[in-house]
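What TrEMBL records for this protein:
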type     : residues : note
TRANSMEM : 41-60    : transmembrane segment
TRANSMEM : 66-86    : transmembrane segment
TRANSMEM : 98-118   : transmembrane segment
TRANSMEM : 124-143  : transmembrane segment
TRANSMEM : 150-171  : transmembrane segment
TRANSMEM : 183-204  : transmembrane segment
Amino acid sequence: MSSMEVEQMSHPERVFDATKACIVRVLKKTKKLSKDDPRRVIHSLKVGLALTLVSLLYYIRPVYDGFGVATMWAVLTVIVVMEYSVGATIGKGLNRAFATLLGGSLGIGAHQIAELLGEKGEPVFLGVSVFLLASGATFSRFFPRIKARYDYGVTIFILSFSLVSMSSYRIEDIVELGHQRLSTVAIGVAVCLCVSMFICPVWAGGELQELIALNIEKLAAFLEGLSTLYFAENDGGGDVSKEKKNLLFQGYKSVLNSKSTEDALANFARWEPGHGRFQFKHPWNQYLKIGTLTRQCACHIEALHSVLNSDNQALLDIDDNTRLVLYNLSSESGKALSELASSIRSMTIPTVVTSFASDALGATIALDGLKVATVASLLIEIAACVERVTGSVGELAQKANFSTATAHGAMHGASVNPDPTEAAEVVVVLTVVD
């Protein structure tokens, strides 16, 4: 539509067209989100189902007569407790249920003691009790372990104690009020747990496993692509197109920012019961250790990327022997990481050769220029990181009782040594030629 036609349009027509365009954009984004992960749509339907089920407390007259307006607490519980993963829902639900029970019980206890102090002493005691417990509970949230797993529960504890203790000053039957609230909260939590666990469940443990494997795959794709685009015999750095570079380098950057997501998923996974291949007391901390080593490797890759991105012309002038060493180092590191990612996904014992670095680097190579020496040094550091990741995955295989691989052993021709202290020693001599 031309600018002249736009000027000739009336104000209502422009508003209509703008509204239509906005609706189209929203529908396209909604379609894309649903297509990227259909489980988001399922989760939305699960929340709607849980709210519908708990609303029956309002519609069934005998039930509503038993709970009264306290039925609203069940609805509020579903709204705040229902989360995307099973672990997050269980964690929030149990925190809310036990915090309500503890806060309500202490509130009733404070009311009983306050009544003994008479009409003047009762509000003073209740006010002091709220001040002390709220202050102490709030301070406890600064402890890392409590902050990580029980922060929501502490908040609900403060809320429950304050409501019950202060309400007791004006409401006579405070025990009945506490019973109604605890019962409706328990009903809301139970509905959330049943819907989350038994209808298309999303397990945080499986999400964590997939995230760790995906991050390792991203690093593997970088290293394998690097060997092909920069160090292959007939494909020098000058032949690398900008599009290929962008596609190659964009993947690893997300690994650097994955720590918070990994920590959250590991925290949620600890709440989940044993399911499928993830048994009770699964070593979730080992996944975090692998994630830390993966990010260390990603940091070396980012430094390597910076060197290569500044000027890759120096890589065209190196001799064939040096190019072959760098190619093998990058390629074998990428293949090893690919095998480790596959092992984590399939929960089979990895079969990566941890000594590939010493095989590729057990030689003296002459490097023409400081930039090439820097690239070689960074590849050596990356190879060392890959060996540490290999050892950590081997530890995970032992602790989680991974099954024996049946078709992976021939990929690299040797079995992994899960003990990182027994990894082969790497001896490298770099000679920079002026």
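The backbone N, Cα and C atoms fix where each Cβ goes, and this holds for glycine too.
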Go through the chain and flag residues at least 6 beyond the ends of the transmembrane segment (150-171) whose CB is under 8 A from any CB in it; none is fine as an answer. 91-92, 94-96, 98-100, 102-104, 106-108, 110-111, 114, 122-123, 126, 129-130, 133-134, 137-138, 140-141, 177-178, 181
Applying the under-8 angstroms CB criterion, which one of 41-60, 66-86, 98-118, 124-143 scores highest with the transmembrane segment (183-204)? 66-86
Looking only at the recorded stretches 41-60, 66-86, 98-118, which one has the largest tally of CB-CB distances under 8 Å to the transmembrane segment (124-143)? 98-118
May I ask for the residues of the chain that lie six or more residues beyond the transmembrane segment (98-118) and have a Cβ under 8 Å from a Cβ within it? 124-126, 129, 133, 152-165, 168-169, 174-175, 178, 181-182, 185
